[in-house]
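What TrEMBL records for this protein:
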- Asp18, Asn56, His150, His185: Fe cation 2 binding site (BINDING)
- Asp18, Tyr21, His187: Fe cation 1 binding site (BINDING)
- 5-188: domain 'Calcineurin-like phosphoesterase' (DOMAIN)
Amino acid sequence: MGKVGEKLDIDFVVSTGDNFYDNGLTSDHDNAFQESFTKIYTAKSLQNQWYSVLGNHDYRGDAEAQLSPVLREIDSRWLCLRSFIVDSELVEIFFVDTTPFVDEYFTEPPEHKYDWRGIGPQKSYISNLLKDLELALRGSTAKWRIVVGHHAIRSVGHHGDTQELINRLLPILQANNVHFYMNGHDHCLEHISDTESPIQFLTSGAGSKAWRGDIEGMNRRGVNFFYDGQGFMSVKLTQTDATIEFYDVFGNVLHRLTSSKQLHSSM
């Protein structure tokens with residue numbers, strides 16, 4: 001990652017959740033923060049700002065610890081919020097807290113406890129989140145619109161599609177000209193094209209515990225690329241072009257996606 005980051009002269013890094021395994025952080029003073037973040041991503045190119053969302057494993061610990069400004073005092077690169085927007089004019093990135101969408105975490109958590117502080121009633125939280133997202137997407141004037149969440153909308157990996165996101169989140173993305181939806185959750189690399197819109201689904205969850213060897217074969221429509229191993233993804237954007245590359249741990253390019261849009265000039 002460091003070598004690719006240097007080559008591309010990256011501006012920032014996005015983490016798609018499940019930031020600390022297996023059960024998040026115990027507090028904002030948990031040594032795991034430095035052991036699994038600060039002391040791992042030491043390359044010069046990775047000293048830029050990191051933007052992170054929470055994953056389901058993060059909710060199994062003290063979820064609010066990862067949102068704490070105390071962590072930013074320990075390592076200024078770190079920024080993790082539930083849902084937020086990063087706007088660089090060229091691209092607007094909408095980070096969405098997807099874990100509360102998944103019903104089974106509320107109804108069937110026999111061996112796991114989830115930290116739902118700050119969520120309140122599940123239905124109200126999701127409804128307000130979607131309302132805010134739709135409003136923000138409608139008002140966006142950015143050339144590129146990217147939505148980032150932990151859970152996949154479409155995946156042929158271990159967990160497969162997330163039906164709650166297909167039902168509630170996807171229609172909003174389709175109606176508001178979102179270009180890319182990026183996620184983690186499944187420990188693999190994937191590129192799947194939406195069959196009903198130009199949206200490209202991009203899974204980059206291959207930072208750990210990969211090589212599962214299982215593929216969810218229920219819905220393989222639109223699958224362009226699947227890699228059941230460790231790796232990461234890069235995104236390069238200009239006014240007219242997007243280049244997304246998937247890498248293995250050695251920095252070899254496994255798959256490349258390019259997308260272009262027309263520049264419109266007024267006379």
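Cβ from N, Cα, C; glycine included.
Just so you know, TrEMBL annotations are computer predictions that nobody has curated.
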*Taking the Cα atoms as reference points, how far is Asn56 (Fe cation 2 binding site) from His187 (Fe cation 1 binding site) in Å?*
13
*asked:* Can you give me the residues near the recorded Fe cation 2 site, meaning same chain, not Asp18, Asn56, His150, His185 themselves, Cβ no more than 8 Å from the center of the site's Cβ atoms?
replied: Thr16, Gly17, Leu54, Gly55, His57, Asp58, Thr98, Thr99, His151, Gly184, Gly205
*Which residues of the same chain, at least 6 positions away in sequence, have a Cβ lying under 8 Å from the Cβ of His185 (Fe cation 2 binding site)?*
Thr16, Gly17, Asp18, Gly55, Asn56, His150, His151, Ala152, Ser155, Gly157, His159, Thr162, Thr203, Gly205
